[in-house]
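As given in TrEMBL:
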| type | residues | note |
| --- | --- | --- |
| DOMAIN | 245-459 | domain 'Orotidine 5'-phosphate decarboxylase' |
| BINDING | ASP251, LYS273, SER364, GLN423, GLY443, ARG444 | substrate binding site |
| ACT_SITE | ASP304 | active site, for OMPdecase activity |
| ACT_SITE | LYS306 | active site, for OMPdecase activity |
| ACT_SITE | ASP309 | active site, for OMPdecase activity |
Amino acid sequence: MEDKLKAFAKELFKIDAIKFGEYKTKIGLMTPVYCDLRVIVSYPKLLETLAELMIWKIGNINNYNIICGVPYTALPIATVVSIKSNVSMVMRRKEAKDYGTKKLIEGVFKPGDNCLIIEDVITSGSSILETVKDLTNSELKCTDAIILLNREQGGEAFLKNNGIKMHALFNLTQLMDILQEANYIDSLMVQKVRDYLATTKVDESLLNKNVSQNRLKMSFEDREKLAKNPVAKRLFEIMRNKQTTLCVAADILSATDLLNFAEAVGPHICALKTHIDIVEDFNPNLIQPLQQIADRHNFVLFEDRKFADIGKTVEYQYSKGLYSISSWAPLVTVHSLMGPGVLDAIKSSDGAKARGVFLLAEASSAGNLISENYTKDTIKMAEQYPELITGIVCQSPLFTNNPGFIQLCPGVQLENKQDNLGQKYNSPLTVVLEKGADVAVVGRGISQAPEPAVAAEKYKKILWNAYLERIKTRVD
Ligand SMILES: O=c1ccn([C@@H]2O[C@H](COP(=O)(O)O)[C@@H](O)[C@H]2O)c(=O)[nH]1
């Protein structure tokens, strides 16, 4: 194979895929060596050899369920590797279509499939990481990339810092040695390229950046930095400091019971979710002691109002009336059903400045009418309001372009699978590890337990350990 590798290097030179001289790079810098592998599609035999060499270099290609070429130059290379190895391929679109399926990754795959990345040339590694980001956001696992030529400018370290092991057929230095031995280039040119390589490494600050933004593999600390909504930032901070991702649903009918319940579970929760209109003896005087408990135990008050009306009505419902929600609940839920006017209303209504919205993209109740497209469009809507949106209420591991959004998952219980009115439950482990929940909402599992404080502590521990488990399995 070594001879085949050398012969292949010489062929690359002959077809002008590797050129030496004075060339301008994409970003305007001068380089003495230029690689343009796009030309290889005109040489089918060489393309076939390249695929064979890559399969040989990677070792057991059957360790991978899927391969994916970095668009566009590596697409034909990946296609031939796929045909020769019989490992199926997916294609990454640079932009999602705005019609049909709107998928970024085309092809058939399962969540958790191990995907081998294929690329022609690596300089900084950022193109590879863009592809990795889309693949991991589609729940594929990426740990390795096979590359024809490593330009030795820092890309390998950048990939490593982002959990990707690079396997290259050639380093630029090795390639030059082969070409010099064959008398295709002289020692002067070799020195020129070496000098160039020594002075043009990729920016160190880039090397330390983690760009694979799969929120499931990121710590709350990293995500807090990306959150644009102040309540999301606060929730991330509380979750880290109190080591809890538990939000308790306080669906309680009496004001005194509600206060006692909040006091009992307070030490174990990051948020207390209310349906304030079910409190039979509600009186605005309830709010101050509730806020004091929230302050003392450091959790966020969260009114699950599920606003779903025209903007103007929501403005009134949010900031006026008996409940005056905007004056005491930093967090509320909103249905996307009525359009973005509702979000504009929440944004501009009177009340405390730090406010956040959980937008409902999926529901836990059996037979609900939310469709896949509704969910996708809800996420799109959320992405238009990064300063207002704290996160998304959902039941499956949805991905947004914003790891600063928090995924909230109701319908969590250890004991039951469902209630008698269509509520469906998942276990705490399932919601965190399989459904992608950051915050889990537990209601009756705690409020109807013999000792709510004990139950809250139990849920808190299971949920927190599941979160730690989830980020431990991140690629590094
Ligand atoms: O899809 C949704 C959205 C909101 N909820 C709310 O969460 C709690 C769940 O209470 P349990 O006692 O744990 O069933 C409740 O307040 C719902 O209004 C939801 O369940 N599903």
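Including glycine, each Cβ sits where the backbone N, Cα and C put it.
Those TrEMBL annotations? Automatic predictions, nothing curated.
Shown here: features listed in TrEMBL, placed on the structure.
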residue : record                              : Cβ neighbours (10 Å)
ASP251  : substrate binding site              : 17
LYS273  : substrate binding site              : 25
ASP304  : active site, for OMPdecase activity : 23
LYS306  : active site, for OMPdecase activity : 15
ASP309  : active site, for OMPdecase activity : 16
SER364  : substrate binding site              : 20
GLN423  : substrate binding site              : 18
GLY443  : substrate binding site              : 23
ARG444  : substrate binding site              : 15
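Between the alpha carbons (Cα) of LYS306 (active site, for OMPdecase activity) and ARG444 (substrate binding site) lies a span of roughly 19 Å.
Geometry remark: ARG444 (substrate binding site) versus ASP309 (active site, for OMPdecase activity), CA distance 28 Å. For ligand 1, the neighbouring recorded positions among LYS306, ASP309, SER364, GLN423, GLY443, ARG444 are SER364, GLN423, GLY443, ARG444, by Cβ distance under 6 Å. Secondary structure at ASP309 (active site, for OMPdecase activity), taken from DSSP and collapsed to helix, strand or coil, is coil. Here the binding residues for substrate are ASP251, LYS273, SER364, GLN423, GLY443, ARG444. Their largest Cα to Cα distance works out to 17 Å.
Of the chain residues outside the substrate site list ASP251, LYS273, SER364, GLN423, GLY443, ARG444, ALA249, PRO410, GLY411, VAL441, VAL442 have their Cβ within 8 Å of the site's Cβ mean position.
DSSP assigns ARG444 (substrate binding site) to a helical segment in the three-state reduction.
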